[in-house]
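Annotated features in TrEMBL:
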type	residues	note
BINDING	65, 66, 67, 68, 69, 70, 71, 72	ATP binding site
REGION	91-114	region 'Disordered'
């Protein structure tokens with residue numbers, strides 16, 4: 001089942017007997033996931049599962065749903081903000097579905113090179129970034145070996161084993177609450193009551209939502225938490241190919257072939273269409289989230305190019321994975337995205353300024 005088909009099923013857009021039966025089965029499974037999620041929360045709340053503190057502040061960037069909320073561009077934005085303030089941030093991530101390759105720098109690490117790491121390394125050059133399921137270990141390693149004075153914990157809201165001094169939770173304005181159900185019936189990883197742990201909430205993709213929808217989202221969030229809320233937009237800045245050559249935003253208006261392997265492919269397709277790219281269903285190829293492309297995949301995409309659609313368009317996360325597979329005669333460009341705080345910039349700056357960078361925690 002493709003990501004788009006899964007969203008259609010969970011949202012109820014997909015009708016019919018088979019879809020209804022599938023949703024019923026997922027509804028029966030949801031309570032078991034809920035029990036497990038609540039049990040883990042309980043163990044951490046009563047300190048039966050250990051929470052480990054490191055000697056420098058940890059900033060967690062996470063979400064309460066599965067799928068794309070924009071953690072990677074937000075993490076890149078935070079790296080820039082912290083560096084502008086004179087800090088030395090490091091990034092600690094799990095390395096979800098890492099690509100085959102050499103082992104990472106940390107003993108026991110996942111193979112270096114999953115899509116988030118490859119993209120962050122490209123847009124945050126010089127920023128230390130380690131991947132390991134044991135994020136306590138690599139946080140300490142970043143502090144000890146790379147002299148980082150703060151740690152950005154990627155996808156950290158559910159990873160409570162590593163203590164944090166700022167818990168930032170991203171809420172996607174397009175699908176904020178995962179269709180109102182926990183996994184597997186919906187996309188929620190935890191009940192919305194878990195938002196009480198958050199120190200700061202960021203509604204993302206606010207440029208794609210109406211003011212009325214944003215007000216409704218704020219009303220729901222304020223029912224569960226008193227944490228301040230900021231708003232973030234993802235603004236396209238241009239196109240880039242595998243060799244680093246750039247093009248302006250209006251370079252590819254008209255027909256093209258779009259593809260991606262991300263958690264929310266519909267959002268990317270919408271971005272392309274708003275930029276003037278014409279995409280019929282035959283011009284759009286969604287892959288599963290964190291997909292590992294093969295030479296055959298790239299050749300199949302290239303074979304679909306013709307005079308009317310002469311270029312492949314994708315995301316930066318996907319480009320870093322397909323780049324080694326592209327031959328010189330296959331034009332492929334990625335849309336460059338920048339996270340921009342539309343509302344609440346002073347709240348974010350204050351939260352960052354108040355962290356104990358000297359290790360006093």
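A Cβ is built for glycine as well, from the same backbone N, Cα and C atoms used for every other residue.
Known features from TrEMBL, placed on the structure.
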residue : record           : Cβ contacts under 8 Å, 6 or more apart
65      : ATP binding site : 172, 175, 176, 177, 178, 187, 188, 189
66      : ATP binding site : 178, 183, 187, 189, 263
67      : ATP binding site : 3, 172, 175, 178, 187, 263, 264, 289
68      : ATP binding site : 172, 262, 263, 264, 267, 289
69      : ATP binding site : 63, 170, 171, 172, 204
70      : ATP binding site : 170, 172, 204, 205, 232, 234, 339
71      : ATP binding site : 61, 62, 63, 116, 154, 155, 170
72      : ATP binding site : 116, 119, 120, 317
With H, G and I counted as helix, E and B as strand and the rest as coil, say where DSSP puts residue 66 (ATP binding site).
coil
Determine, for the ATP site, the additional residues of the same chain whose CB lies within 8 Å of the mean position of the CB atoms of 65, 66, 67, 68, 69, 70, 71, 72; present them in sequence order.
63, 170, 172, 263, 264
Return one of helix, strand or coil for residue 71 (ATP binding site), based on DSSP.
helix
